[in-house]
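A short write-up of the structure that comes next.
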């Protein structure tokens, strides 16, 4: 490889954000270089061996709809699949896959190595080359200068990474990997707003020392779900169960008696940890009334004896970890193979980014993943695909793109970050989206694949598959509208109908009944409806049964769209807007929202303040 050549895009970091960023840029046809400190760890699952979950599964489906890698890799590595919230409405149902770490890395590496326009090189990056307010390349650990027209940083927890086990601490990007100290210093020298965050991981346990008879077995779903719209159950490896156990009062006593040895409670750790994935120390303190906490006992893979005890993340001293682990049901003789630890790292205030994940200070420098204050593989991958795509679009001199809040959870994620920032690791939940009924897992392709095709992200295989699916849905919906269910059909459904039909109705109206599904319609031979795959019939049922609610949300979106279309000039000085409070002026001048709608999502910006902004725009004869 000629390392003196100019790359269009250099992606720094080969985790979940970096792999999606590199693949996205390369799919758009630009010459892309992925730099990683260790090629063998591309796509490494640094913490829990799982993909998806509430809110997170939605992100994975959206990445897949844009032809990303995560869902396909999860299908090839998933050793247990479940649909969470299966008994609830379609808006909050979410897919989760327990994954084999080794198989997942293998699947990601295979996709990277088979991608045209993408080169992989093993080198850590120590510095950025900045000239004339733009990044022109990177300097690697061994002194190589690699030139680029755009750079995407996806450096995870490696920036200034510090690992804590009890009162002992040492520099590290994660256990066994060095931190990026030089790059952290270089970025701090750019005067970007920086902070510290914390995350943690539990000790790993040898499964041969666990008594599973004391635990509740948790099998996967049957039939086995798939993640990718192009996936099939036949893609999955062997399926295995997980287990559930609980802490005991003895566990809690040991932890309480050793809180003075916890770096978090001793004040040694300055970074804020994830609210929704607290350490076991945090749980014991915050929920002091609880006598036990649930632990999910998850296999790390098919070819390893290591178990991931989800729910006991800790940074207590190793000897204390051994003590409290052995008070947990089934863990009485547990052998810890790796200690739990906490890690602190640098992140940069995401309010310093545009919605395209480019830094406002250096417009051809993009950030994605934990560097922006998020936590989770799925959140990182979602940012990665947007950052990599926009880096490529910028080079091609094409319009950059990010989905709106009403188009995708990816849009919710990015808008939350750039508008509100974050003081703790940000995790996606369905509750963060205003339009949950529109942003379901099942329709991510209908929402995003056509746009992905227009942008150049979506390849022929996915486009052909999607086009056939969409055509089947549309043609069947038309058939349902033009077909009639007659009163005499009551006889077919004596045991099913809550209330018999009083008059003939269109099949589309009949399907809206909660007790009726598409399979019932197939029983009426005179309708001549086609047999269809489950993912298509599910889509047809949801679109019809929730039509009223969906229409109402669409109307709300249209009302708010005028605010999204009311753009705020970047040069607008909010000190000139008569009537705004000093707090609002300060926030608007710092964040520089791009639209009236984004301004309204900033904490403290009231509807009255938005009205004053509108008046100012009209008086100044700025476009409204």
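Glycine is no exception: its Cβ is also placed from the backbone N, Cα and C atoms.
Same-site candidate for FAD binding, as annotated by Swiss-Prot with 13, 14, 15, 16, 17, 18, 125, 180, chosen from 358, 370, 394: 370.
For the pair residue 17 (FAD binding site) and residue 285 (NAD(+) binding site), the C-alpha distance works out to 33 angstrom. Counted within 10 Å of its Cβ, the other Cβ atoms near residue 287 (NAD(+) binding site) come to 12, all protein chains included. Look at the binding-site residues 13, 15, 273 and count other Cβ atoms within 10 Å of each Cβ; 273 has the fewest.
On its own chain, residue 285 (NAD(+) binding site) has 259, 265 as residues at least 6 apart in sequence with a Cβ closer than 8 Å to its own Cβ.
If you draw a 10 Å sphere around the CB of residue 370 (FAD binding site), it holds 30 other CB atoms from the protein chains shown. The two recorded residues, residue 281 (NAD(+) binding site) and residue 370 (FAD binding site), show a Cα separation of 23 Å.
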